[in-house]
Amino acid sequence: MNIDLYSDRAKQAVQSAQSLALARGHQQFAPEHILKVLLEEKDGLSRALIQSAGGRPDQLDGGVETLLAKTPRVDGAGGQLYMKPDTARVFAEAEKSAKAAGDAFVTTERLLIAIAKEGGEAAKLFKEAGVSAQSLETAANAMRKGRTADSANAEEGYEALKRYARDLTAAARDGKLDPVIGRDEEIRRTIQVLSRRTKNNPVLIGEPGVGKTAIVEGLALRIVNGDVPESLKDKKLLSLDMGSLIAGAKYRGEFEERLKAVLGEVTAAEGSIILFIDEMHTLVGAGKGDGAMDASNLLKPALARGELHCVGATTLDEYRKHVEKDAALARRFQPVFVSEPTVEDTVSILRGLKEKYEVHHGVRISDSAIVAAATLSNRYIADRFLPDKAIDLVDEASSRVRMQIDSKPEELDEIDRRLVQLKIEREALSKETDAASKQRLENLEVEIDDLQFRSDEMTARWKAEKEKVGGAAQAREALDRLRADLANAQRAGDFARAGQIQYGEIPALERRLAEAEAGDTQALTPEVVDAEQIAAVVSRWTGVPVEKMLEGEREKLLKMEDELRGRVVGQDEALEAVSDAVRRARAGLQDPSKPIGSFLFLGPTGVGKTELTKSLAEFLFADEAAITRMDMSEYMEKHSVSRLIGAPPGYVGYDEGGALTEAIRRRPYQVVLFDEIEKAHPDVFNVLLQVLDDGRLTDGQGRTVDFRNTLIIMTSNLGAEYLASQEDGEDVEAVRPMVMNTVRGHFRPEFLNRIDEIILFKRLSRHNMGDIVRIQLQRVEKLLADRRMALALDAEALNWLADKGYDPVYGARPLKRVIQKELVDPIAKKLLAGEIEDGGVIAVGVTDGQLSFGKAVLQ
């Protein structure tokens, strides 16, 4: 025996067989050890060979196991192993038959045939399993298709298509492919290219998620249904799995050998096989190592001669980046562009897929959910493509409903938790002997009995509902299988079976399903996916509130001005304009191609421009920090525009993205504040033009960022001198022309023309100060509340602070400084000195024109 003459797989089999013999304590290395290892091969090559020769591999395996169990065990033999004469004859026979067939290497199937001929006891097992050496040899020759074993990994090339490709036509025949709706034009164009004499290789090019792979699956379904021209009838469509082709190819040349074997089988099929290569750009450079040839170069000759029918699929970017660079490869393929379907087409696609998802999740999907998935995904999910994003929405919403059905209902869960608490309390009270505890125990018993009754009733109801949903799910699955059987029976011409399914079994199942679905409307858990479930998933993905508004939220929105007035004083016109924009958006009546609203706030310093923006963020998101604030004084240079949208290619920071675009990509629904807008460089306004007009902005990496769900607010002090010079109570509209002249002198007309509303903020009057003092004091009280302390200011103290803090030029900001200096600082000193204790009320009044602090009154 010359081990160098054996292929890698055969060497491995012999070594594993020796290890098996030692592990079982056998002193003799017998043919049955080799047979056992061959039957346990990972890819089952020997088993497949026995099966195709008409044998029973499981019976053979059982016989080998019995034979090995009878072999005497020797413990402590020190790992000595002797070759049985039968084994030597097996190796000699394998080498002889390999030489006779012109093979350079002995392969695993030669060993299998040799065991069947010369294996002694093991050879008898083959006869019992219904297979002879002759039938095995015939099956091996059929599997090899006339090829000789001229390399150490020759087995890798056997039945290469079975190993490295998936039969799409077989999957279509078994009903495993999703139905393909529409896309007739693209499928027709693909068929036209495939029917050419040479260069008959279409490549489907389109954005990710538009349905390129689905078009090929649609072609497979059409081939199975015979809905193709004569030239494509009875063809097989196989999908090449590049992953398994490359996986495990350790040595140089192994990958090329596998690919050559695949191409050889396709060529030998003489045009009856069409190869589909998904993610075609992976071919370019695949397998390329030191001096090795990459996959695309191996394909080119076969493609050019028309021997290889191939359909590729790749995205526009990958095609440009990888395939177009290789002009020789690109010219052998004919591009077929796949565009994104419209919302109407997406609705049709979803209606066709609905049944498959209903069967998988065991829930019902309403038509309103399908329409909502198409429209909401198109509007709110900007960085992905239809129909993929709409299908994902339906899938996730269905999974959510299924999870709710399988989980315990919230109401029942609360009752069960309360029961556990009460039972623990009962155990504790049962040991007490006083009258109060006994009374409490009696009350507990009554409450426990009541809750237990409700829990039992609800549990029984929930389980019954679950069973009903389970029954409906089983009926749907059976219906799906029957429809696939019906299609197969019609194709095979078995019209008796087709009639039985169509007019007997399917109607009976449909009746059963209708009964199961005619459920009670007061179900504990929802069984139907509707538009609201879809909206909830969209909200989770994007943060945009698109669910149906609850009654409380409606009330809140209608009284929005009153809420905001709690923080911003004396600017009613501004509050109204902003509130109207938010209400428009939540009622779904805003222009879908523009931001929720864009405002320019003009007014003197300290009148509440930035404060209104913060209070708006708190009102909408219950979080003052839910705001992207751009201080435009940082964007005074021309080059600072790149900080907003990201650096261009070739510059440092290209991968990081822009400050503005990244913030909106992560959180599409928020308030964007451009503070002190007039301080920015004029080029910054050019960037904002498309944001204000189309609600979108393209960042440095070419990605489109969606601003349609943002509220854009810009603040400025331009023309503030006119507003500041007004008398108390004077209408701001009187000075609007002068203010607008100043604004027009600074901003371009095309920028101003795109802003929804330019709002003038009034100068704060003295009578506004009382409300502002109260708002500012609330913040101080909040800080004191942590120490269980409270403030009590009398009317005189409030007036004193308002007078002292009022400055018509600087607005409310001086008041903040006055409160800090005259109120907070003295309290801080008294706290540190121990004059005020925690848990007291600090009484503040006015004495001799200054604030005075009374002794803390203990609560």
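Numbers run from 1 along the shown chain.
In case you wondered, yes, glycine gets a Cβ from its N, Cα and C as well.
What Swiss-Prot lists as ATP 1 binding site is Gly206, Glu207, Pro208, Gly209, Val210, Gly211, Lys212, Thr213, and the listing cites similarity to another entry. According to Swiss-Prot, the region 'Linker' annotation covers 341-543. Look at Swiss-Prot and you will find 391-522 tagged as coiled coil, backed by similarity to another entry. The region 'NBD2' feature in Swiss-Prot is assigned to 553-763; the stated evidence is similarity to another entry. Annotation comment: Swiss-Prot describes Gly603, Pro604, Thr605, Gly606, Val607, Gly608, Lys609, Thr610 as ATP 2 binding site, evidence class similarity to another entry.
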Quiz item: What is the interatomic distance between the Cα atoms of Pro208 (ATP 1 binding site) and Thr610 (ATP 2 binding site), given in whole Å?
Solution: 42
Self-check item: Residue among binding-site residues Thr605, Gly606, Thr610 with Cα closest to the Cα of Glu207 (ATP 1 binding site)
Solution: Thr610
Exercise. Enumerate same-chain residues with a sequence separation of six or more from Gly209 (ATP 1 binding site) and a Cβ-Cβ distance below 8 A; give 'none' if the list is empty.
Key: Arg384, Phe385, Leu386, Pro387, Asp388, Lys389
Exercise. Report the member of Lys212, Lys609 (the binding-site residues) whose C-beta atom has the most other C-beta atoms within 10 angstroms.
Key: Lys609
Quiz prompt | Those residues of the chain, 6+ apart, with a Cβ under 8 Å from that of Gly211 (ATP 1 binding site) | solution = Val180, Arg183, Val338, Pro341, Ile349, Pro387, Asp388
Exercise. Provide the number of Cβ atoms within 10 Å of the Cβ of Val210 (ATP 1 binding site), excluding the reference atom itself.
Key: 22
Exercise. Can you grab the distance from Thr213 (ATP 1 binding site) over to Thr610 (ATP 2 binding site)? Cα atoms, rounded to a whole Å.
Key: 51
Practice problem: Would you mind reading off the Cα separation of Pro604 (ATP 2 binding site) from Lys212 (ATP 1 binding site), to the nearest angstrom? | Solution: 58
Quiz item: Around the ATP 1 site (Gly206, Glu207, Pro208, Gly209, Val210, Gly211, Lys212, Thr213), what further same-chain residues have their C-beta within 8 angstroms of the site's C-beta centre?
Solution: Ala214, Thr315, Val338, Glu340, Phe385, Asp388
Practice problem: Please report the number of other Cβ atoms within 10 Å of the Cβ of Val607 (ATP 2 binding site). | Solution: 29
